[in-house]
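K.L.:
Questions regarding the structure given below will be posed in turn.
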Amino acid sequence: MEEEADTGVPSRVERKALQKAKILQRETERKIFRLVGKALKKPESERSEEEAAVLLLHRGTVEELCKRQVRRNGLKRKQEEVFDEADELRSKVRQLAAAVKQAKHLVVYTGAGISTAASIPDYRGPNGVWTLLQKGLSISSSDLSKAEPTLTHMCVRMLHKEKLLQHVVSQNCDGLHLRSGLPRHALSELHGNMFIEVCTSCSPVKEYVRLFDVTERTSLHRHMTGRRCSHCGSELRDTIVHFGERGTLEQPLNWKGAAEAAETADVILCLGTSLKVLKKYACLWCMNKPASKRPKLYIVNLQWTPKDDLAALKINGKCDDVMRLLMEELNIQVPGYDRAKDPVFSLAVPLRQEEVDSHTREVIARLDVQEGCVPDSGEQAEEATAVQGGWFGRGYGKGRRKKKKKAA
């Protein structure tokens, strides 16, 4: 004991006493927070003398709880969906149309909001994946392979065809931009494509486009699909970039194309993205340029985004509604999605005989093959009980753990 005192190291008894004191202090603080919180919930006229005394005695706790309530109210407002009135929406779309016509280099950034019309949930909307998981609710959807390009996807493709749009930068993994007919050189899929697996052992990287979701067996930090390269025999991996990972694949991510497009852009149109992830990619916002020389920003979203205050125009509307009006203003006819012309069929690499049973995901079929092969309602109901795909909804737990560690 004397040696411990001489060296300045607290004894075991002292350490236990200190630890006990900390636990008791935390319990006391929690009790005070509960008492103050209970008192604050009541109108001032209904508070007892004891509750009024507690509030006077613990003014610091009162201030802290009031600050927390303000933050909660602010977050709640940011999650609310706001819709522009019909006349205001049309007026804003006319402004957007003028900007699109005058743009020398238009780039479009897209997020999950453009695929909700294809029955693919977004992430941060009222019924989004992150929102539901945060509430402790389960997420469900039909097989993502069944989704087809929406009106917005087809509008984006037509803008490029009419040479009004130069490049599309997408956070989506659903492959719907590619399936809409948008050329691959004009597309950067920053978080991967659920229909593409690659061999990174080959040089250059060998790519395999499939007619099914290749992510059945993959997840965070586990990207091998179980199939092998027909050229070198190495195991193939998916192209998905999960929350907390860094994507380095040249294709389909095409970071080079995204960065070059952002560098030359004079107008950036953001469709259906919360921008909470994209805002972290400095190269997409030309942060090395003076603010006055950065591209003009136009945002279409029903919720708040961290770039709203920097936008030349914020349109509060559904992507399909806004794009329909925009194409009317630009006098551009938009064709519907035609499965027979879906590029995925010409790009797809057939499975080898030994790989036929390597997955259980539904295969996208041509119209002539699809006829007479529609599953009955019982099968469809069973498939709709859970989100399909090893990429969808991943990363939420990791993000929550990071926040908890930071708070601690």
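Glycine too: its Cβ is placed from the backbone N, Cα and C atoms.
Remember, predicted model here, so these are calculated numbers, not experimental data.
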K.L.:
Coiled coil per TrEMBL: which of the ranges 72-106, 107-141, 142-176 is that?
P.N.:
72-106
K.L.:
I want the residues beyond C199, C202, C229, C232 whose C-beta is within 8 angstroms of the mean position of the Zn(2+) site's C-beta atoms, in chain order.
P.N.:
T200, S201, K206, S230, H231, G233, S234, L236
K.L.:
Let me spell it out: take the coiled coil (72-106), skip the flanking residues so only those 6+ beyond its ends count, and list any with a Cβ under 8 Å from a Cβ in it.
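P.N.:
Sequence-remote neighbours of the coiled coil (72-106) are 124-126, 131, 159, 164-166, 261, 264-269, 296, 298, 302-304, 312-313, 315-317, 321-322, 325-326, 329-330.
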K.L.:
Average the per-residue pLDDT over the coiled coil (72-106) and send me the rounded value.
P.N.:
93
K.L.:
Within its own chain, what residues at least 6 apart in sequence put their Cβ under 8 Å from the Cβ of C199 (Zn(2+) binding site), listed in sequence order?
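P.N.:
The list for C199 (Zn(2+) binding site) reads V205, K206, Y208, C229, H231, C232, S234, L236, R237, given in order along the sequence.
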